[in-house]
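Swiss-Prot has this to say about the protein:
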type	residues	note
TOPO_DOM	20-209	topological domain 'Extracellular'
DOMAIN	108-190	domain 'Ig-like C2-type 2'
TRANSMEM	210-230	transmembrane segment
SITE	223	site 'Important for receptor turnover'
C-alpha cells in the first residue's frame, strides 16, 4: 500500500548530510622567503597550494583583482619595485580562489620583517632587521614600544619562543649602516589570547540546530496527532461497516421509484 511521505520525513530527507555538494577548499598563497614586507630590489616567490586535476597544474593568478598571464604554480618577483605592492590571489583547478595576500614593497635602507604579525599566545615571534640589498649593518638593536630589547654588534634575528600578551606592541630595529645611524619604521605585532570555550556555553547547540530541533518536534507532534485521528476515524468506519450500521441515503428525486 503506497503512502505519502509526511512533512517530518520530507524534512529529514532534505536535511540528510551529504545530499548537496560541499564547497571546495580554498587555495593558499605561500611566500618564499616568508616576508610580506620587502625593500626595492628584493626577490620573492609566491607559491600556490591547492588541489590540481590529473596532468593539469595550471594556476590562475590575480594581482589586485587583475588576471596575471602567468599560469605556473609559482609566481616570482625579482628586483621588486613599489609597483609590485598589492593583493595577490591564486586558484588551482580543484580548489577555490585563495584569500588575498598583501605584499608591500618600500623604498629605504632598513625594514623590519616578520613571517606573521599576528600570533597566538604560546607561539613564537620572529623579527628580522633587513637592509637594502643586504648591505652590512652593525650595532643592531630591537625596540618594543620605544624600549630597547636585544642588542648585538652584528645583524641578527630577534626570537621570542613563547609569546605572551605583554610581547605585543610596536616594534622597530636600529643600526649603523655606513656610519649612519638608521631606524626602521615601527610595525605593530599582535599577540592574541588563547580562547577556551566556556563549559556552560559549549553545552548548548548552535542556534540553527536548536531551531531545526524545535521544528522537527512540532512537525512530529502534528504528524502523530493526525495519524491517530485518521486511524480512529478509519477504525470506527470499519466497525460500522462490519456491524451493518452504515446508512445509505436516497436522493429526494428518487421517491417515486
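Backbone N, Cα and C define each Cβ position, glycine as well.
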Composition by DSSP (helix, strand, coil) of residues within the domain 'Ig-like C2-type 2' (108-190): 6 helix, 50 strand, 27 coil
Mean of pLDDT values spanning the domain 'Ig-like C2-type 2' (108-190): 98
